[in-house]
Amino acid sequence: MDSAMVEIDGSVMEGGGQILRVSAALSCITGSSVKITKIRAGRSTPGLRPQHLSGLQMVSDLCSGSLEGAAIGSTDISLTPGKMQSGSHTADTQTAGSVCLLLQAALPCALFSDASSQLCLKGGTNAEMAPQIDYTVKVFKPMVERFGVHFDCDIRMRGYYPKGGGELMVTVNPVKELLPVILTERGNITKIYGRAFVAGVLPYKLAKDMSAAAVRTIRKEIKELYINIPALQEKENAYGSGNGIIIIAESSTGCVFAGSALGKKGVYADKIGIEAAEMLLRNLRHNNCVDEFLQDQLIIFMALAKGTSRIRTGAVTLHTQTAIHIAEQLTQAKFTITKCEDEQGSNETFIIECEGSGAVNKHL
């Protein structure tokens with residue numbers, strides 16, 4: 001155990017909840033105590049929100065930690081990790097706070113436990129400003145499996161803004177160490193599919209309109225592939241009303257990308273479908289191996305892996321730069337970002353390379 005407490009400035013760079021998630025998870029795994037100050041200092045409501053608090057409490061539970069300053073609105077917290085605890089853990093945002101963001105914080109910790117863990121995550125499954133659960137299952141999951149990460153997701157209930165009420169059961173198997181990953185060849189796009197959904201009191205026609213608009217938009221650029229986006233009415237396993245769409249593309253080398261959007265009051269369904277399609281197309285125009293939303297989510301795994309990982313990506317986002325900054329402060333990992341010279345035109349492409357810290361699970 002490292003007795004020196006590492007101080008993290010929660011207002012740097014992206015300055016949001018991501019700093020908390022990455023710092024807390026790495027504290028839990030490395031055994032270093034952390035103090036995070038100025039949490040979300042630049043946000044309209046600074047400090048911890050319910051979803052951040054429930055995520056921190058779950059991470060603290062996973063490592064039998066002692067957590068100080070953990071209250072709604074708090075801008076300073078400290079976490080002193082203890083022994084890893086497998087078994088069952090629950091985090092409930094009691095809002096529409098994203099279950100996927102809870103998972104981002106808890107998953108890396110559970111990997112370094114002594115046995116499998118069951119995480120019960122409650123909140124919003126399809127929330128703004130966070131990955132939709134379908135993204136986590138269809139894009140994030142297969143891509144992190146390359147690092148040797150294995151987890152199962154059971155969507156018990158879908159929950160939407162503003163009520164939440166969603167529930168996710170996740171079973172995580174521990175690893176001895178994580179493998180490095182090389183993702184530099186995208187290959188060709190071989191498959192495009194997705195789901196357009198309505199839940200609660202919203203009419204089924206919205207789902208059909210989102211799907212049709214998305215297919216029309218993609219067709220303008222990609223003519224040769226069959227695009228399968230069924231329109232779905234969620235009845236049983238959905239709490240509250242919501243609508244949205246996610247479109248996934250797979251490549252011949254196993255890379256996975258997505259575009260998604262959620263319905264908002266007063267916004268036409270066509271517009272939601274077009275927004276998701278344009279997001280997907282924007283990520284496919286480059287010759288990258290990950291989309292703009294997966295980039296930052298892979299950083300913690302690259303930092304912990306044993307060996308050198310290389311990932312080909314588009315413009316490096318502020319979220320990614322922030323995750324790298326925190327990972328380098330809390331682990332021995334070293335990152336370099338190099339611009340690819342072989343690209344024509346304005347499509348900037350980069351290689352993110354990481355000499356991983358080679359974290360070893362001492363409990364296995």
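Cβ atoms here come from the backbone N, Cα and C positions, even for glycine.
Going by TrEMBL, these are the annotated features:
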- 13-337: domain 'RNA 3'-terminal phosphate cyclase' (DOMAIN)
- GLN104, PHE293, LEU294, GLN295, ASP296, GLN297: ATP binding site (BINDING)
- 184-284: domain 'RNA 3'-terminal phosphate cyclase insert' (DOMAIN)
- HIS319: active site, tele-AMP-histidine intermediate (ACT_SITE)
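Around the Cβ of PHE293 (ATP binding site), a 10 Å sphere holds 20 further Cβ atoms from the protein chains shown. All protein chains included, LEU294 (ATP binding site) registers 25 other Cβ atoms within 10 Å of its own Cβ.
Apart from GLN104, PHE293, LEU294, GLN295, ASP296, GLN297, the residues listed for ATP, the same chain places the Cβ atoms of PRO131, PHE140, VAL290, LEU298, ILE299, HIS319, THR320 within 8 Å of the centroid of those Cβ atoms. Per-site Cβ counts within 10 Å over the binding-site residues GLN295, GLN297 peak at GLN297. For HIS319 (active site, tele-AMP-histidine intermediate), the nearest neighbour among the binding-site residues GLN104, PHE293, LEU294, GLN295, ASP296, judged by Cα separation, is ASP296. As a summary of secondary structure, the domain 'RNA 3'-terminal phosphate cyclase insert' (184-284) carries 32 helix, 36 strand, 33 coil according to DSSP. Across the residues of the domain 'RNA 3'-terminal phosphate cyclase insert' (184-284), the predicted structure has a mean pLDDT of 96. Cβ-based neighbour count (10 Å, all protein chains) for HIS319 (active site, tele-AMP-histidine intermediate) stands at 18. Its Cβ taken as reference, GLN104 (ATP binding site) is surrounded by 23 other Cβ atoms within 10 Å in the chains shown.
With a cut-off of 8 Å between CB atoms and residues at least 6 apart in sequence, the same chain places GLN18, THR317, HIS319, THR320, THR322, ALA323 near ASP296 (ATP binding site), listed in sequence order.
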